[in-house]
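Q: Feature list, courtesy of TrEMBL:
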{"type": "ACT_SITE", "residues": "TYR205", "note": "active site"}
{"type": "ACT_SITE", "residues": "HIS213", "note": "active site"}
{"type": "ACT_SITE", "residues": "LYS251", "note": "active site"}
{"type": "DOMAIN", "residues": "175-258", "note": "domain 'tRNA intron endonuclease catalytic'"}
Amino acid sequence: MDLQIPKPKRPNRLKIDLPLPVIMKKDGTIEKIPATFNGFTVVVEDPADMKTIVSMGCFGKGNLSRSFPHFHLNSDKTELIRSRQYNHRKKFKSTSLKKVIVVPDSDNEEIDDYITNLKPEYQIDSSCLSENVCLSLEEAFFLTHAVECLVIKSENEVLEIEQVWKEFCKINKDFPVHYAVYFYFRAKNWVVKPGIKFGGDYLLYKQGPSFFHAAYVVVINIVNPQSGEKQRSMENPSVMGLNRLSETAGKDLIICKVTLPENGIDYKNMQSVLIEELLVRRWLYSQKNS
């Protein structure tokens with residue numbers, strides 16, 4: 001059976017960087033990236049650190065962008081925006097200012113007349129809505145514990161790795177299992193992103209969402225070692241529905257069976273977690289014999 005070949009996206013200006021945000025200092029240590037835990041997610045606010053963490057390994061998601069976030073490292077750069085965008089931004093006030101060029105809205109105008117009669121205005125944008133990069137709990141713990149390039153603070157106090165683990169487990173009781181699966185696929189050189197929009201737990205990308213479409217939808221199936229009980233329904237209708245949804249989006253479905261150790265799971269004993277992959281595809285008699 002042939003495996004899914006990742007489909008590249010149309011060419012863009014982004015360049016493929018290092019697979020992990022590891023920058024070595026002169027003394028041989030890894031440069032630490034500061035981040036803040038707000039009780040829900042982990043946020044990186046410095047523009048230079050945001051660019052590092054997104055460009056190297058495609059970690060995190062911008063809170064204002066649909067795709068690649070805007071870092072605004074050069075504050076003197078003038079931005080071109082619509083009138084409605086500028087009016088919306090004027091509702092927000094800030095002490096810092098930013099230069100923008102405002103052009104009229106083009107919703108109800110012919111394109112030829114719009115370009116000919118274009119009368120942009122030079123304004124000072126006082127809103128300066130700054131974009132941050134938000135890390136998932138799995139990404140944050142991976143960068144903190146496995147890569148050791150992230151320092152997480154909460155209320156201006158640096159959290160030790162034990163504290164980070166406990167806080168993340170409070171938010172999501174299945175965090176240990178999700179992190180084990182995240183670590184498993186990251187170790188296989190996949191870029192792992194949330195898969196809720198395709199009915200799964202994770203999506204697997206080659207090099208990142210900016211360069212390739214997701215090749216696989218991952219569904220986590222947790223198995224109790226004592227009773228063999230499964231937390232998710234794996235009946236035929238459920239599996240068929242997930243598989244059809246994945247096929248419609250041009251992806252393959254992977255059911256990731258996770259068997260937990262009897263003494264519980266902890267970040268120190270990840271090697272004792274048994275993870276098995278099952279690739280699901282529909283078999284059609286007509287196609288097989290055509």
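The backbone N, Cα and C atoms fix where each Cβ goes, and this holds for glycine too.
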Q: What does the structure give for the C-alpha distance between TYR205 (active site) and LYS251 (active site)? Integer Å is fine.
A: 11
Q: Would you please pick out, from the active-site residues TYR205, HIS213, the one with the fewest other Cβ atoms within 10 Å of its Cβ?
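A: Minimum Cβ neighbour count within 10 Å, taken over the active-site residues TYR205, HIS213, occurs at HIS213.
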Q: List every residue in the same chain as LYS251 (active site), at least 6 positions away in sequence, whose Cβ is under 8 Å from its Cβ.
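A: Those within reach of LYS251 (active site), by Cβ under 8 Å and sequence separation of 6 or more, are GLN4, PHE198, LEU203, HIS213, ALA214, ALA215, TYR216, VAL217.
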Q: Grab the pLDDT values for the domain 'tRNA intron endonuclease catalytic' (175-258) and give me their mean, rounded.
A: 88
